[in-house]
Each structure stands twice: as C-alpha cells, then as structure tokens.
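One structure below.
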Amino acid sequence: SQVSFEEESQKQPTVGHWKPLMPSKGNKEDLEPGCHDAGGVEETQSTEQLNVSRLRSSSVEIREKGSEFLKDELHKAQKELKLKDKECERLSKVREQLEQELEELTASLFEEAHKMVREANTKQAVAEKQLREARGKIDMLQAEVTALKTLVITSTPSSPNRELHPQLQSPSKAGFRKGHGRNKSTSSAMVSAASQSAAAEPVSRECREVDSVLFAEFQAWKESPTLDKSCSFLDRIYREDIAPCLDFTKQELSELVRGAVEQNTLTIEPVSAQTLPVVKVAAEECGGPKKCALSGLPRTCKHRIMLGDSGNYYYISPSCRARITAVCNFFTYIRYIQQGLVRQDVELMFWEVMRLRREMSLAKLGFYPSDM
C-alpha cells in the first residue's frame, strides 16, 4: 500500500505558486479563494510526503537494526553450538578412555585372580605332598623309637639286655649283633667282638677297668652331645680309630667314603641278584665283582656302595665292608645318644662306645666274620 501510494503521488502534477515573502494584510484579504485552496493542497501533499519519507527511513532503520540484532544472536548461537560440540567431543573421548581403562582393569583383575588361584593350588598340592611325606617319616620314626625304647628299657645295670650287649653272651651263643641299618642299606649287622676272634677255645671272663681320661672326655661330650669333631672326645676317636679304619689305598675314594659316612648318605647293598647299572666312571675306579674299588686288589666282592644319590656304584671286598660298617655302627650309636634315644647309665653308654671302638680297631687290622 505504501508503494502504491508513492507511485500515485509521483504521477500527480506538482502545482506551485509564488507567494510573497512579506504579504500584507490587505493583500491577504484580497486573495482569491481559488488560490488559497491550491496552496493548502500543496502544503498537505508536502506534509504527507515528508511523513512518508520519515516512515520509510524509520522502517529501514528498524529493518537494519533488526537484521544486526538477528546476526548477533545467530553468531552467539553458533559460538555456543561450537562450544557444546567441543564439550561433547571431549566428554566422548573421556568416556572412551574410561571404558578402555575399565576393560584393561577388568582383564588384569581376572588374570591376577587366575594366577592367585593357580599359585594357591600349586602350594596346596606341595603342602599336601609334604604332609604325606612328613606323616610317613613320623610313622617310621615312631616305630624306630618304640623299638629302641623296648630294647633300652629292658636293659638295666643289674639285668642288661644281651641284644644290646653281646659281649655278655657266652662264646658258643654269641652271634652277630644286629646294628642299625644305614640309609637304603641292606648290609648285615656287625659282628660282636667275641665272634671276631679266630680261636675256638673257651674264652675266659674278661676284666674291664674304666680309663679316667677317656671317661672324663665322654662325660664332657655327653653333657652337650654334638657331631663336631673338634671336641676332645670325637677328635681322639677320629685320630685313633675312624681315620685309620677308613684309610684305603684309593685315597680320593676314601675321602668320599668318609664324607658319606659322616653325612649318613652311604648305601651298602649286596651284588647278588642285582642288575648291574651303567655307571659313568671308569671300570678301574668302580672295580667289579672280582676287584675291590677301595683297595685295588683282586678280591671277590659281594657288596657294593653308593655315595649319596650319585648313581655310581663301587664294588668292595668283605674286609673293606667290615671297616666301613664298623664306623657306621659307631656313628649310629652316638647319633642315638645325641637325639636322646638312649636312656642308660653314663658308664654303660661309655662301655658301649668302647666296644664300638674295639670293633673299628679289629676291622682295620683285617678281622671280619667269614660270612661277610
């Protein structure tokens, strides 16, 4: 409507009249009515045009201001949208990182749990195995203690047990004394001193007298029994009995035998009905059924020894076996004393030690029973 109004106003002819700058009063009244009406129309049209132009300018300004305002609002909205997009992207990355860490943590926890379960099962199996082995050892030790108690309790100074003291038996009834078997050993027991005598004549009743020096050394050792050979009691026996008894021709093998006897890891077994193992040592070192590995002499070897768990066997003659067994019997008895398994009078224990020393002395001189 505004545009049509402008077009119509432009089509109308413009009517103008010269008006006096300073009209007089008389002239005013003398103006013709027609001229007065034309001037009024002209003024009305000018006012309307001025109003139209003002409306047009104000509408343009309003339009421009509205456009600028809308642009500002649009820019603000776009900025806020970009910030929200960035925030969403950041939160998405944080969520992905948290999910990944959660998965890794869950996997590590499951792995650690499985590892702990496996370790627990392994430890339980080992503990059960050790428990079974310990129970087996306890049963074996209890049986040995019961047997020893039976022998020891029945032996008193007034009525000694003849199985523990074979020297008290008559020569005709004196047999071989059963000794404590060595580790994995099937060796027979050592003979008593009376049976080692070659003479078959009646033997007169022997007399005994306690040596004060030896007895004092034994008493001092008995107060705190130990297997340390630095004490005076064991030092004397090592020098006088053990070292000469285990001194064989093959010095290197002799040292190994002595160490195995001290550590209680020596095994003696008969060679009859035994499958000969394949050994890694040379034939001259291990000997054979017809050659002693310790003496190096051609002898009939009925037994063989193994040192620890090496798996190597050495064939020994009856004389060497008697010497080794005599030393083993001595160590077995003093170990029983150390462990508190022998409940006897000190003097009776001393005489048993002296008897074992006599067996070592006879064995190192070459005396041994015929069935060995």
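Keep in mind that glycine also has a Cβ here, set from the backbone N, Cα and C atoms.
No curator has checked TrEMBL annotations; they are predicted automatically.
Lifted from TrEMBL, the feature list:
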type	residues	note
REGION	1-53	region 'Disordered'
COMPBIAS	26-35	compositional bias 'Basic and acidic residues'
COMPBIAS	43-53	compositional bias 'Polar residues'
DOMAIN	52-149	domain 'GDP/GTP exchange factor Sec2 N-terminal'
COILED	67-151	coiled coil
COMPBIAS	156-172	compositional bias 'Polar residues'
REGION	156-193	region 'Disordered'
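Mean pLDDT of the predicted structure over the domain 'GDP/GTP exchange factor Sec2 N-terminal' (52-149): 88. In the domain 'GDP/GTP exchange factor Sec2 N-terminal' (52-149), the DSSP tally of helix, strand and coil residues is 98 helix, 0 strand, 0 coil.
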